[in-house]
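J.: Before I ask anything, let me first share the structure, which is written out below as structure tokens.
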């Protein structure tokens, strides 16, 4: 018996690993292997042809089924209260968003509902959404604040996010997005809101250990380039990496600014230009594509996928779960849309929810690949080929889900 396997607490025999290793072609597929876990990490990956018994006490034969890294949803807004279904109905009837917003709808309706909700209520609502992601193979999820827009309510959202990671079998990375919108209290003085973010909210979130990163919605209906830089400088003072909602509706040059700050990722990017692409390529910043928002908003301008590909910018894919522009709680659907709407290949979509998604969260040394030494977050699927994960939607193909070496689903 292989010595490394004998030291493992659990062994999965006869898995066909799609390793997603960058040094291997496409999905990084290997012949059937034994995968052993020790102390929450992948401790051994041994070809079945090299094995001889006896096996460790805790093993199971997966009969050649496909194994992949756990899926990573690296951009979500899944903590919120209230519903925007009525707004959706009005928009389908042709009512402009500006009119809906004037009547109290839009993002500020979500802000009011989220402020009014207790931590327990927000936890219950968000847990239901996360459980849907868990069922389709998500093992790590990023969750943003941004619907509180006061010091206490932003911290409330981040506390809920931390609780979700403690209570449910999923890794949670938190992002402070106080610069999501200007709250009504600061409507006539948005610069003062930016000062509040920089001088009060970022310090409080950092000192409480509630934020893993800081994000800004840099857009003509959001925050200017100068305001974004101000928030990034404050984040940098507290050692927090930055991210950005960039170039979704127009091109303000936010991606180049974010790249100058060594951002983990910039997201949306429908209006990204060549200068921005080169800045991302130069600094190795991840471009996160959000096809569900593109679909839901009926956008027509596509992100420059071919140019990103040519420049070797790493592309991630995420669900962007939120009540206003992407009420679609499915990373698998986002993978499909990334292929059908944006022109990614199924390989690129899979890399986008594993290896590159891990990089978008600063977790590329621990997550996103099947290799010895990585955290033991992996999935076993009842499907013939990894492309099925982007192709076939709505069918439960998940056989085994492992997080930190602990099995949380076995069919």
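Glycine is treated like the rest: Cβ placed from N, Cα and C.
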J.: Which one, 153, 188, 320, is listed by Swiss-Prot in the same Zn(2+) site as 75, 77, 245?
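T.: For Zn(2+), Swiss-Prot names 75, 77, 245; of 153, 188, 320, the listed one is 320.
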J.: Can you match one of 248, 397 to the 4-imidazolone-5-propanoate site that Swiss-Prot gives for 84, 147, 180, 325?
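T.: Candidate listed by Swiss-Prot for the same site: 248.
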J.: Which of the three DSSP states, helix, strand or coil, fits residue 325 (4-imidazolone-5-propanoate binding site)?
T.: coil
J.: Just name the winner among 322, 325 (the binding-site residues) by count of other CB atoms within 10 A of its CB.
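T.: In terms of Cβ crowding, the pick is 322.
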J.: How far is it from residue 248 (4-imidazolone-5-propanoate binding site) to residue 320 (Fe(3+) binding site), counting Cα to Cα, in Å?
T.: 13
J.: State, in Å as a whole number, the widest CA to CA span among the N-formimidoyl-L-glutamate-binding residues 147, 322, 324 given in the record.
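T.: Maximum Cα-Cα distance: 11 Å.
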J.: Could you say which of the binding-site residues 75, 84 has its Cβ with the most other Cβ atoms inside 10 Å?
T.: 75
